[in-house]
Structure formats: C-alpha cells, structure tokens
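Note sheet for the following structure.
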Amino acid sequence: MIETLDDLDVEGTTVGVRVDVNSPIDDDGTLADDARLRAHVDTLSELLERGGRVAVLAHQGRPGGDDFVSLESHANRLSTLLDQPVEYVDATFSSAARKTIRTLSNGDCVVLENTRFYSEEYMEFDPERAAQTHLVTGLESVLDAYVNDAFAASHRSQPSLVGLPTVLPGYAGRVMEAELDVLGSIEETPDPRVYVIGGAKVSDSIDVAWSVLEKGLADHVITAGVVGNVFLIADGVDLGDASSDFIYDQGYWDEIDRAADLLDAYGDRIALPRDVAVDRDGDRYELGVNALPPGDGESAMDIGDSTLEYYQRILADAETVILNGPAGVFEDDRFQKGTRRLYDTATDSSTSIVGGGDTASALRKLGVEGFSHVSTGGGAALRMLTAEPLPAVTALQNAPEQPAADD
Ligand SMILES: Nc1ncnc2c1ncn2[C@@H]1O[C@H](COP(=O)(O)OP(=O)(O)OP(=O)(O)O)[C@@H](O)[C@H]1O
Ligand SMILES: O=C(O)[C@H](O)COP(=O)(O)O
C-alpha cells in the first residue's frame, strides 16, 4: 500500500519532495520548456498551503551532457508558477543545504541543487545501500518526511529515489498517484489491446514488446520509427546504407537479432511497416518495402500511407491503445504525417495511453489531443506498461510510517 498526501500530517513538517523536472535547456543553460515543472505545481502548492516546509530535490540532464546544468532557472520559474518566493541553494546535502532547510518556515519552499552533481546519485543501488549514501545521510536529519512525485524517474534505483524512502516516511505526490492509478492497472484495461512502439529507444522498446507479448497483454504490437526500421531489417528488408548506418551508429545493431527472435516467436502479432517515407530531392517520397532499398543516402524517416491504412485497420478494432515513441522524425514537417495520423486514430479507442517525454512534446507540437492519459514518464511509463514494478515505487511501498505527532 502506498500512502499519499492524504495520509501525511503536513503542518510544520519538513518534507523532501523529489520531482522530475528534467527538461530541455537553452544554449545559455537555462530552462527552455516548463511543462514538467508545471506538472508538479499541484503537489507543491498543496504541501505549501497545508503549512509544509518544502525542500525540492531533482536531477537535470546526465553528467557530460549540454543539459547537465544547475537548477537555478528551474527555481526562478517555479517561483512564478507557485506565485510565491522560492529560494534556491547551490548545494544538495552539505551544511549549507541543511542550514537553509532548517531555517524554512511553514509554507516556505527551497530548491536544492541538481542531485546528479554528486556522483552517487548517478549510480544504481539497492535501497539499503542507497540509504548509506552521502545525500541520504546528509538530508535524513533535517527532513521529517519524503514525497516522491517523480514518476518519470521511478525506474531508477538512485539515492534520492530509493534511499530517502528507506529512512523517512514516504508518500506519493499527486503526479505519482495519478500515474500509478492509470498505468498500474494496465491488465484491467479492455481488450483487444494494441501497443504502438515507435521512437528511437530500440533496446527498451524490444524489451517492452517481448514482455507484453509473452505475458499476453498485447493482442498486437505495431512498430514504427527507428524501432520499425530495425524490425524491417530483421525481417530481411534492405533499408539501404543510410538507415542501417544510423542504427549501427546508435549502437542498436545487435537488436536486429533480438527483433528477429521476436518475429520468430510472435510474428503473427507484430505489425511491420509496408512502406516508408524518404527525403528525395528535398521532398517526402514514399516507397513500398518491395521497392527498397531506397536511393543512395536516403533514409527511412517516417511510415508511409499504405502502412498508415494497415495500422489504422488494426487500431479500429482496439479497445485499448498504448503508445510510445513517434512514428517518424516529427521534428521535420515532411515526416510528421505518420505520427500525427497514427496518434490521432488512437484517440478514437475507448482507452488510449501515451508514454514518453518526446512523444508528449511531439503531440503538443502536432496539436493531437484527446487521449485518456498522457504520462509524464518515458522509460518509467514503458516499464510500467509491461506490468513490471518500478524500484522507486517499491521503495515507497516499503517506507516507514510517519511517527504520531506526540511521539
Ligand atoms: N525513422 C526515424 N529515423 C530517425 N529518427 C527517428 C525516426 N523515427 C523517430 N525518430 C526520432 O525518435 C526520437 C524520439 O524517440 P524516443 O524513443 O526518444 O521517444 P520517447 O520515448 O517519447 O522519449 P523519452 O523516453 O525520452 O521520453 C525523435 O527525436 C525522432 O526524431
Ligand atoms: O527524462 C527522463 O526520462 C527521466 O528524467 C529520467 O532521466 P534519465 O533517463 O537520465 O535517468
């Protein structure tokens, strides 16, 4: 059983709130898109209005990346969204951070520095070991409770996600609660159930396809995007050098064998593209798989019309559609059609669930609306859609209880 904010005695309590505000970053190192911050406003404003003292914990980017920046601009933006001052401290668990947390009054909020500035936070631990890291031992003494609202990071076993709820009473925030409500009951959604697997995270997507086919969760798996290209190659289609080089450069060449194994085992339930769109002389040009390989330097950038018709027929019979990853390079106007049409068709099903940060931003860009649920999570949603437990959610389930007020 996971406790929620309804179970937390908030007034005067110092709460560490883990959020996921991992966002696109501008060239000047500041926040470029506040969608993920906005998602957490309900949880944070509820805690503040109920008299909590809130210390916000979050990561941004990965070490070495251009988006691996401080959370100062996130804190500034949060202050506008919450319509109250939000302090920022350039420390996460040092004495400076602890001192700031100790001086919070009821209704005050501070954003601590990017948790991944500390190497332990970019490692995976079991919860007991995570509880002994510097971040957890540093913060444990100044926090009374822990709230996890970072559903999108819950597939990671990192200290701020699994260590803090091992030593502190743990609660799901409102985002986490909503995501678990919808994604935690995938098995109860109506049949037939179709998974649409696109985008560029080929290994994760093949894991999902294996799992949902093996467990009988998927009546059909529809493939698109880079994932669809890998399945086409696995099926013996010559996609040409440009698409093959791209797959090789992304480190997904070995996935072709896994895709072939999956086709051997469950080929009757896996739908492959029947045509692809390439860039020919600057225009979109569609080629049936029988007409492949494409010309020199041409790469499969989207699914074509005949694939769309085929996939739309499968979707027409689906009661539940679960989608992750765009069908093509949606960032380029010429290759948005597959994503727009496929996702638009899915909104006609009684239950349509979308996972993936890039997918959500593609849909915003393309103006496609009307899904039953758009998840804040990419990898986390994928894992949950296979009915697998998420380490940070398990840690919350096992968290100690909040001591009674007079203890
Ligand atoms: N045929 C293709 N060739 C090259 N890139 C493609 C193709 N189809 C889709 N993509 C790219 O895939 C990327 C998105 O894939 P990704 O798997 O990251 O999506 P996501 O699951 O929604 O994201 P996340 O898990 O990060 O939230 C886009 O940048 C898009 O351009
Ligand atoms: O953006 C995400 O999917 C989450 O914030 C997790 O980020 P990570 O993949 O860098 O751990």
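Start at 1 and count along the chain as shown; that gives each residue its number.
For all residues, glycine too, the Cβ spot is worked out from N, Cα and C.
Non-local contacts of Arg36 ((2R)-3-phosphoglycerate binding site) by the CB criterion (under 8 A, 6+ apart in sequence, same chain) comprise Val19, Asp20, Val21, Asn22, Ser23, Ala152, Gly357, Thr376. Following the DSSP three-state reduction, the secondary structure of Arg36 ((2R)-3-phosphoglycerate binding site) is helix. Under the heading substrate binding site, TrEMBL lists Asp20, Val21, Asn22, Arg36, His59, Gln60, Gly61, Arg62, Arg116, Arg156.
DSSP gives Arg116 (substrate binding site) a helix state. For Arg116 (substrate binding site), the Cβ neighbour count at a 10 Å cut-off comes to 21, with all displayed protein chains included. Under the heading (2R)-3-phosphoglycerate binding site, TrEMBL lists Arg36, Arg116, Arg156.
Classification of Asp358 (ATP binding site) by DSSP places it within a helix. The feature ATP binding site is assigned by TrEMBL to Glu331, Gly356, Gly357, Asp358, Thr359.
Only Asp20, Asn22, Arg156, of the binding-site residues Asp20, Asn22, Arg116, Arg156, Thr359, place a Cβ under 6 Å from an atom of ligand 2. The 6 Å Cβ screen around ligand 1 retains Gly356, Gly357, Asp358, Thr359 from the binding-site residues Gly61, Arg116, Gly356, Gly357, Asp358, Thr359, ordered by sequence position. Counting other Cβ atoms within 10 Å of each Cβ, the lowest count among the binding-site residues Asn22, Thr359 belongs to Asn22. A gap of 16 Å separates the Cα atoms of Gly356 (ATP binding site) and Gly61 (substrate binding site). Those residues of the chain, other than Glu331, Gly356, Gly357, Asp358, Thr359, with a C-beta within 8 angstroms of the mean position of the ATP site C-beta atoms are Gly199, Gly325, Pro326, Ala360, Ser361, Ala362, Gly378.
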